[in-house]
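Asks: First the structure, which I've put down as structure tokens, then a few questions once you've had a look.
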Amino acid sequence: MPYRVATGYSEKSTDDDLIWRTPIVKEELEDADNFLKDDAELYDKVKNESAVSHLDTIVMPIIFTVLGMFTRMYKIGRNNHVVWDEAHFGKFGSYYLRHEFYHDVHPPLGKMLVGLSGYLAGYNGSWDFPSGEVYPDYIDYVKMRLFQAMFSSLCVPLAYFTGRAIGFSRLSVWLFTILVIFENSYATLGKFILLDSMLLFFTVSSYFCLAKFHTMRKSPFSARWWLWLCLTGLNLGCAISVKMVGLFIISVVGIYTISELWNLLSDRSVSWKVYVNHWLARIFGLIIIPVCVFLLCFKIHFDLLSNSGPGDSTMPSLFQASLNGTKVGKGPRDVALGSSIISIKNQALGGALLHSHVQPFPEGSEQQQVTVYGYSDANNEWFFQRIRGVEPWTDAENKTIEFVKGGEMYRLMHRLTGKNLHTHEVPAPISKSEYEVSAYGDVDLGDYKDNWIIEIVEQVGEEDPTLLHPLSTSFRIKNSILGCYLAQSGKHLPEWGFRQGEVVCLKHASKRDKRTWWNIETHENERLPQGEDFVYPKTSFFRNFMQLNSAMMATNNALVPNPEKFDGIASSAWQWPTLNVGVRLCEWSEKSIKYFLLGSPASVWPSSIAVCALIIHVIFLTLKWQRQCVILSDPVERDVFVMAAFYPLLAWLLHYMPFVVMSRVVYAHHYLPTLYFALMILSYYFDMITKRWATRNTGKFLRLGAYIVYGSIVIAGFFYFSPFSFGMDGPVDDYAYLAWLPTWQIVEDIRNT
């Protein structure tokens with residue numbers, strides 16, 4: 001006779017599964033308890049199992065967490081040099097401690113936590129973490145690394161409780177946790193001051209909270225239901241606030257939510273009022289909370305970075321003027337013809353400074369390039385000159401101050417090269433439908449296409465509305481002959497243009513098109529009084545937020561492989577699940593402590609096979625379903641498949657496939673969140689296959705033996721490759737035995753030969 005304990009036992013379940021399934025409400029437990037008392041033998045078995053379970057719930061997570069801390073923290077300070085991307089993220093943490101504004105492609109939460117680790121370690125932010133340099137005595141880098149290692153270590157108990165929440169048997173929960181503990185790539189990167197462990201932690205915690213929320217679906221709107229819903233949203237917000245890769249786990253939760261709402265729509269027991277409440281609750285928990293977390297991180301970011309720093313130029317000019325120690329906005333308030341040296345900034349999202357350099361366009365007019373450039377540079381400096389056909393302004397007119405006015409026509413001349421800003425009916429290098437903009441001629445040589453009309457579109461403040469004022473005047477620049485408008489296209493030039501932004505002359509431009517809006521950012525003129533007492537208006541947080549995120553995306557999109565340069569650590573996505581390559585994380589000399597980023601073969605290769613098997617499995621189930629065959633008829637088995645196989649596969653695909661198709665340069669560490677879901681799928685197959693053996697007494701021992709053997713292989717494999725994670729000292733030839741594949745660059749860098 002088949003028995004069912006609460007919601008977690010069926011004909012296909014084993015005794016080991018009794019207490020590992022979905023939550024048991026009090027009434028169900030009491031009914032099951034009374035029912036089982038009629039069968040004394042089964043009653044004793046369940047009671048004994050329950051006692052073991054309570055012990056297991058407390059003791060095993062602690063043991064596993066301690067093991068995880070060991071693998072991440074053992075010999076964590078052995079290498080006292082700046083290792084790999086510690087050079088980036090340690091420096092960013094220093095900026096927070098110095099309160100200097102900087103620019104990076106990633107959202108701020110992870111780097112703020114790096115800064116917090118430095119603060120807790122007593123570091124004052126005075127060092128910039130030069131790559132490969134020895135840490136100075138006044139930086140307690142071990143404490144900073146331990147702070148990061150805690151995030152990686154805490155993934156272990158999260159994996160344990162996730163396995164329980166999604167319905168794994170005890171053996172599979174243990175196996176899944178062991179796979180996470182003894183994964184060399186996690187142990188290696190978990191030692192250093194990086195963002196990867198933080199991203200992994202919030203990704204893992206997001207799926208854990210989703211799994212717990214899933215177990216509460218029979219008790220909607222209860223306190224625990226709300227708790228796990230809000231915690232899911234909180235962790236999603238943190239994940240995307242560390243790296244934009246957090247969008248992938250948000251997509252997983254979004255698809256899960258849509259599926260659940262679709263199922264509720266077909267449930268006749270759910271009234272329309274309740275259904276609408278389900279929508280509103282999820283909008284609050286899974287949209288509003290993550291968005292608020294994301295916005296809050298940027299608000300704290302702006303508040304902390306109140307001083308001028310290396311990233312100022314990526315932000316609007318008015319924002320830069322609000323920073324302490326800035327040079328922006330310190331010049332005279334009115335711009336004069338000839339004598340005023342200015343820089344001009346575009347106001348589109350990701351807008352940069354008008355720029356020119358001596359290199360010509362390789363095609364088209366072959367005249368001097370005009371671009372936009374995001375950083376301060378002498379090649380950003382221009383000045384206004386009288387139009388072609390009129391006597392040019394010269395220094396001899398030192399007693400005459402002629403201010404630049406809106407509605408008037410001028411030439412713009414590049415200060416360093418003396419050439420005119422020019423356009424003509426030549427296609428732009430990237431945006432072929434628009435006109436090319438170049439620098440051409442000189443003060444005497446040129447044509448009437450050098451003449452531009454200044455159109456003022458917005459004035460902030462109460463100054464003379466007819467004049468150009470630095471920062472507070474927004475204007476457009478229209479060619480007097482062709483009628484097109486100077487604009488930043490938003491596209492980047494190839495390597496011959498140093499990957500700077502393309503400048504075009506737009507033929508058809510709306511007045512509200514911010515790509516055609518410009519403002520003067522810096523202004524120098526010794527003949528005019530300085531406007532030091534002028535108070536600039538505050539910029540809005542949301543405009544600053546949008547501008548910074550646009551600049552982040554533009555910088556990220558510019559990180560494309562350069563075919564003319566060799567990148568020894570870049571790789572292709574197909575090489576990650578196959579372990580085709582690893583990454584040298586530091587100097588590779590005899591005297592240095594060397595680390596090699598590579599996944600554990602004992603877990604990565606089987607997990608990749610499991611993912612491929614599951615893809616075939618899902619296709620097979622889909623074909624059966626289309627033929628109206630019954631699939632996954634057991635509700636418990638179906639629930640485990642959904643949360644332990646289907647959604648992990650979806651998460652694997654969403655985390656992996658973007659790196660297959662994206663054009664930017666990618667590295668092996670991008671696979672770490674993806675690997676977590678592959679390990680979950682591998683554990684699911686162990687659970688599903690071996691559970692069928694347990695229907696016979698001999699099968700139970702066979703099942704236990706399979707777990708013990710494979711778990712031992714995983715642990716032994718970790719320690720075999722532990723030099724990768726704990727550090728390799730001495731000659732690299734001593735570790736040649738670890739190079740199982742010729743592409744593993746343990747002894748020699750074969751990709752650079």
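Cβ coordinates come from backbone N, Cα and C, glycine included.
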Asks: Quick test of your reading of the annotation: per Swiss-Prot, do Asp267 and Lys691 share a side of the membrane?
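Replies: Topo match: yes.
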Asks: When only pairs 6 or more apart in sequence are counted, do the transmembrane segment (603-623) and the transmembrane segment (149-169) reach 3 or more Cβ pairs under 8 Å?
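Replies: No, the transmembrane segment (603-623) and the transmembrane segment (149-169) are not in contact.
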Asks: Which residue counts does DSSP give the topological domain 'Lumenal' (72-148) for helix, strand and coil?
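Replies: Secondary-structure composition of the topological domain 'Lumenal' (72-148): 35 helix, 3 strand, 39 coil.
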Asks: Is it true that the transmembrane segment (236-256) and the transmembrane segment (704-724) have 3 or more CB pairs under 8 Å, sequence gap of 6 or more?
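Replies: By the criterion, they do not touch.
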Asks: Taking residues 6+ outside the topological domain 'Cytoplasmic' (257-282), which of them lie with a CB under 8 Å of any CB in it?
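Replies: Beyond its ends, the topological domain 'Cytoplasmic' (257-282) has Cβ neighbours at 217, 220-221, 226, 229.
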Asks: Any chance the transmembrane segment (149-169) and the transmembrane segment (666-686) are in contact, meaning at least three CB pairs closer than 8 A with a sequence separation of 6+?
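Replies: Contact between the transmembrane segment (666-686) and the transmembrane segment (149-169): present, because at least 3 Cβ pairs are under 8 Å.
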Asks: May I ask whether the transmembrane segment (666-686) has at least three C-beta pairs under 8 Å with the transmembrane segment (640-660), counting pairs 6 or more apart in sequence?
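Replies: Contact criterion met.
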Asks: Take the topological domain 'Cytoplasmic' (170-174) and find every residue of the same chain, 6 or more past its ends, with a Cβ under 8 Å from one of its Cβ atoms.
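Replies: Same-chain residues near the topological domain 'Cytoplasmic' (170-174) but 6 or more away: 16, 20, 56, 60, 160, 163-164, 683-684, 686-687, 690, 703-704, 707, 711.
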